[in-house]
């Protein structure tokens, strides 16, 4: 294989392996040319996990790949001979979202975090019992990312749904299981901190992506923790840059990925339900842009959810997914549709029909505070759907893949049990007025949808109106949480007002990259490859590669049957590692004999992605257990009513259910 640039790729790699050339010469000579990325081809598939692979990272030499998965295993694989070096049963009880080698530890020390917020410090040469004692349970809610510090074998940072960025020093302690521990909080963002990145050349600059659409860059030299004795507490201390795309300043879009360029001069940020943006931290063009007040933000939040989707329903992902409008236009019938998709469609129909029924009812004089939408289900329609589901599911046997690496994991794991569900006050839940038996059915349950709270995940409350005492108990328990939420918002507002008077740079968008789709997963990495390319995974299962300087789309690779999430270029070889919902890791290299970019196909995929991105903007995913609980409760209510009718000798309600 020769390429239209100076030298021969294979010969250059051989010269590097025997020490004749600088290891980074290959990157310099080849990674800057579009011919390089347009010859990329699948070289190997590493089937080393039994679940979605949510994190991959190279060691410093580029010989080994560290990966973490829904199967809760950490695996170290040799990228050249494709053999597994070590499989570690991590001790995590939830999906591993991030794992890194600690620098200068001979790849023997690993830090990892998971969906339950627990961080493990693992030494590959020590026993499983010893490693499982080295855990940090400080985060509450999901821990999204672990970040090591260049050339520092002792400290690392983490971020999570609780809004904190924490800094741990292994010289001080290798575990912490204190309840509600605040010792190692470096920054409290007041909003979910979903991604972090450290400047490679100036490692005291720390970028934090938050759920309020902002990227904040801090100078760590001005920060400290309670453990170090100099924790300041205010979220504006040390902040030197705050970046928000103008059109997102009134929205809450989750940052799924942050990445510094190799020279530290630019930052790449990927947004859920939006696009990828490049900005220069030194710029200050958007200084006059001011964010909305807290009250105004409430008014501008995303509209009520249009569609409900069950976790495990991946029908809208992968290379063969099509927009609903296209399927309806073509009259597409899918006899082998999965059970999850059938249940999702049914749940959405209930939601839409009940929304229409509720909108036709007289509205109360007093509206609940916050952006909420309530949906009421009535006896006949809901109970009829139980039999419909039973009939339709009897013919479906195909299994569905695990979905735990997706955004729905965070969104739906909190439903019905999350502390966030308990942060709504009594005036936000209106019990529907009692209805007589003349003409209108009595509501048996309602779905209460709200975008308010400390997290970015919308909340659905399933309330069964037969049990009013349970609702009253719920309201009493939530009073303290509601007060805490009001204090948090007030403090956040004061900090943002204070930041207006400080010398915080506000850069504007330098370049935008679009065409991919990022809405289904919390992990959707975008990154630089060399000096001239930007890459990202996508819900359509493809890898997208753009020209960094112009935004031109240069390459499309089909990488996953559902969603491509993780992308990690080799430290110096022309090799790319990727992973996603599939249970494997894929390695790509420039093996094609000729340029293989299919521009026509790329334009079709981009057009579909744009349509489907709009369709899924206002979709919320709930766990299958949510629907099962609802069906079981409805069935219980129906049984109680039938038994009550028999004991009372009244046939009125049987009439209503026919």
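Please read every residue number as a count from 1 along the shown chain.
The backbone N, Cα and C atoms fix where each Cβ goes, glycine too.
TrEMBL does not curate its annotations; it predicts them automatically.
Taking TrEMBL as the reference, the stretch among 212-257, 396-441, 442-487, 488-533 described by the feature region 'Disordered' is residues 396-441. Looking at the stretches 191-210, 351-370, 371-390, the one that TrEMBL records under the feature region 'Disordered' is 351-370. Per TrEMBL, the listed range annotated as region 'Disordered' is 287-338 (candidates: 287-338, 547-598, 599-650). If one looks beyond the repeat 'WD' (46-87) by at least 6 residues along the same chain, the residues whose Cβ comes under 8 Å of a Cβ in the stretch are 93-101, 103, 107, 110, 112, 114, 122, 124, 401-405, 523, 565-566, 568, 570-573, 575, 577-587. The repeat 'WD' (46-87): residue composition by secondary structure is 0 helix, 23 strand, 19 coil, according to DSSP.
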